[in-house]
Amino acid sequence: MSLSVAGVEDNEVIVRKMLRDVLGGREDPEGFFAMCVSVLGHQETRSQFLYLIHPLSTAHSSLHSILTSIYKDYFTTLQAEDDEVELAMALSLLEMKDHQLSTPSQESRLMQLEDKTNQSCSFLLNSDSHPQEGSHTLLPEVVKRRQNTHSAPISPWGNGPAPTTHVDIYNQETVIEREQMMMERDLTQSEKPKHMKNRRQRRKPAGQHIVGLPFSLSTPPPVLLWFRRDLRLCDNPALNASLEVGAPVIPVFIWSSKEEEGPGTTVAMGGASKYWLHQALSCLCASLERISSHLVFLKANGEGSRVGSSLNTLKKLIKDTGARTVLANALYEPWLKERDDAVVSALQEDGIECRMYHSYCLRDPYSVSTEGVGLRGIGSVSHFMSCCRQNPGSALGVTLDPPVSLPTPAHWPQGVSLDTLGLARMPRRKDGTTINWAANIHKSWDFSEEGAHVWLKAFLEDGVYRYDKESCRADAPHTSCLSPYLHFGQLSPRWLLWAAKGARGQSPKFQRKLYWRDLAYWQLTLFPDLPWESVRPPYKALRWSSSRDHLKAWQQGRTGYPLVDAAMRQLWMTGWMNNYMRHVVASFLIAYLHLPWQEGYCWFQDTLVDADVAIDAMMWQNGGMCGLDHWNFVMHPVDAAMTCDPYGNYVRKWCPELAELPDELIHKPWKCPTSMLRRAGVAFGQTYPQRIITDLEERRSQSLQDVARVRKEFEQFVDKHTGCDLVPLPPRLVTEALGLSQRYSGVASEGKRFLLPLITRMEFKYQQENPHADAALNPYNALLKGYVSRKRDETIAFLNERDFTASVMYEAVQRKERLECDQRRMEGLPLSPAPQGRARRTTTAKDKFSIVPGGAGTSLR
Ligand SMILES: Cc1cc2nc3c(=O)[nH]c(=O)nc-3n(C[C@H](O)[C@H](O)[C@H](O)COP(=O)(O)OP(=O)(O)OC[C@H]3O[C@@H](n4cnc5c(N)ncnc54)[C@H](O)[C@@H]3O)c2cc1C
């Protein structure tokens, strides 16, 4: 004669489903409450309701308080009736049956409940699905209760579960208990009814189950909340979903370097990003501890099997904790998705519920379709945005608040320390001292989720106003600097987009950047070998330089081109540089040093704190001329400074050895007059490197000719009519294209392959027709000169001319003085006194271009 756990769980499931309807706006709170009363009954609603709605108290606090007040109103009104019921329950169920339940339906319900309670007992006896401590220690009591079902009350709590029964399972019970006590206090105002006092007195001490209770008093098995690249509390769908399960939550981070890396050369986790990850995990752990939770670190076991290792770790964890649910936010790198799919299906086979939530991008890249848009312009952000508009998929949704507390398990599983993961390892010198290569990175960033919000606020209050026009400036922080936070999920793109849309100063260009990010993930899902294999086939055969010296000079910021060097040094010191500078250094590596784009990609992956396989690979492919949307421009390593560092302050900061050069010459110190170099303390090859290449035009010409050669060699990948590069379509797009075959004619078939014409640089087409033409004579020359200032060129010419004239005049005067002196000596005449009144020019604010000793270097700034 008792209730079954299974039956009670059925009720709970029904109520939770209804709760989801309320959350989804399909049911109003009053309706939900009424349904609860009808499903659970009066008593169970009274004792269970607060417990059931408790998960809402964090993420949906307003709904929680509405429901609480409905509950209060209802039970205050019905308190008199309740007292009677409670009293009856305190006496005995049979008495209550006689006293309260007189209708046939109520009787049958009671019978049902009794049957279920019997099942409940056997469940507790036989099942090991609640392995938490306590279940088995209660067996004698269960048996006793089964024996005494007719004479003893099922529960001192009436039909509902006692909040205290959760005490031994997770600490949330203290909250529930407190709420219950407060409710009781509210209800009784001054004095509690006797039966309630009795009820409290009859409570089991913490740590013990009360079994045989009509509603589920068994511990809900914990939920594993698997953190990956979603290291945040704000707007975290998996985290919020874990709360809605209404069970203890065990946040866990599993490190598996093998799985992260995937196939091919991805360098998914380079040194700088691993360092960031270490710091971000430490911050997340602190944030979780603030909401009375904890982050369990684990190192994946079974490292030998690529797909199995996180899975093995999870399986072991599930066994240790008795968890029945695993929740995570999805990742979209193809190899990680493959791993996740394997994990989900393996766990589901074991009867574990495993759910992945979408939040890493604005759009799930696997759901983006070209249907209705076609393939023309593919690779560009405009095309991608059209696809998203045409096939909107699920709504972006609103952001989720962070929880204020997380229900914790009675026992935390054994994890390892964060340091054991080996993410921030520092090499040691022979003398045992540590080489802290990340000291500057550490100084440059706040690695926490709060840090992300501080940056965001600062950007939206200030930088966003200049973003549209001046985001290219390297010498001022006009971009958001949020990329590492986005990469590690310390900020969700949805949060950022809503914040940007809501900001006073709106920047469409900035909002578009988030679609660039999504575009990169979409491309990676279409071309999983994006990080190492050129998308445009002919370019795989390009002749690249193999100069290790040039590569080293580029990596270390010693190319002799100040703008490039400043950017590469900033990258090394801080793990970051802005988008414009990434273009400059990429152009220099590819178009001038002729080094393969993969080298640049790998170096970026290793040194950027925001290293992101999808974005980095897409950008390097585009810079390397072989991406879907290859750049239609080449950045000039000197002239680009006109746009991004017009006063040379950026170079001054990262190349301090050039700091004394004037603005006009700081980006081309080799053009400086000798005297100026002397004054600025610049000695090539000593204080600052010589240029590693000097004839930029010749290098560019060579690059163009190389492209023309491979396009000729693989002419099956060049459209004969338009001269555009052709790219084999990935299978997913073939399917879509076939569906669109009537409307899309650009997809040509070559055997079984489908080839898609891509937008191709005009200068390549011209060069192919004129293979030996000089780059400078190419009418479609893609060289982007920045804001070329003729005035600046004239100034430099003027300075050099002045420098030459002045030094010639100075030498002539000195020679004349020497001759006069020698003549006087020969004639035995006294030497003339030191020359008086000789024009000795000194720098003045007006005399900007003085080049005599003590000249105008600094006044030019
Ligand atoms: C050769 C090269 C390599 C790059 N490698 C990476 C990389 O590994 N990781 C990375 O996050 N970005 C990369 N970018 C893109 C871009 O440079 C950075 O996202 C940006 O500089 C980050 O600074 P921010 O947050 O201030 O950007 P903002 O201009 O403030 O933009 C906001 C966000 O939009 C996204 N975004 C901006 N530009 C792009 C873009 N071109 N493509 C895709 N998303 C973009 C980023 O997530 C960025 O944080 C690369 C660009 C180039 C040219």
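Using the three backbone atoms N, Cα and C, a Cβ is placed for every residue, glycine included.
Record check, TrEMBL: FAD site residues include Y467, T479, S480, C481, L482, S483, D610, A611, D612, and the candidate from F510, F527, F588, F684 also listed there is F510. From the options 148-181, 182-215, 828-861, the stretch TrEMBL describes as region 'Disordered' is 828-861. With respect to ligand 1, the recorded positions Y467, W597, A611 contribute A611 as residues with a C-beta closer than 6 angstroms to one of its atoms, given in sequence order. Within the same chain, residues at least 6 positions away in sequence whose Cβ sits under 8 Å from that of A611 (FAD binding site) are V267, A268, M269, G270, A272, S273, H487, F604, Q605. For W544 (site 'Electron transfer via tryptophanyl radical'), the nearest of the recorded positions Y467, L482, F510, W597, W620 in terms of C-alpha separation is W597.
A Cα-Cα distance of 20 Å separates W620 (site 'Electron transfer via tryptophanyl radical') from L482 (FAD binding site). The sparsest Cβ neighbourhood within 10 Å, among the listed recorded sites (W597, W620), is found at W597.
Distance between Cα atoms for Y467 (FAD binding site) and W597 (site 'Electron transfer via tryptophanyl radical'): 28 Å, as a whole number. When each of the recorded positions Y467, F510, W544 is scored by how many other Cβ atoms sit within 10 Å of its Cβ, W544 comes out lowest. Secondary structure from DSSP puts W620 (site 'Electron transfer via tryptophanyl radical') in a helix. Under a cutoff of 8 A between CB atoms, and with a sequence separation of 6+ in the same chain, the neighbours of S480 (FAD binding site) are W455, L456, F459, G463, V464, L496, F510.
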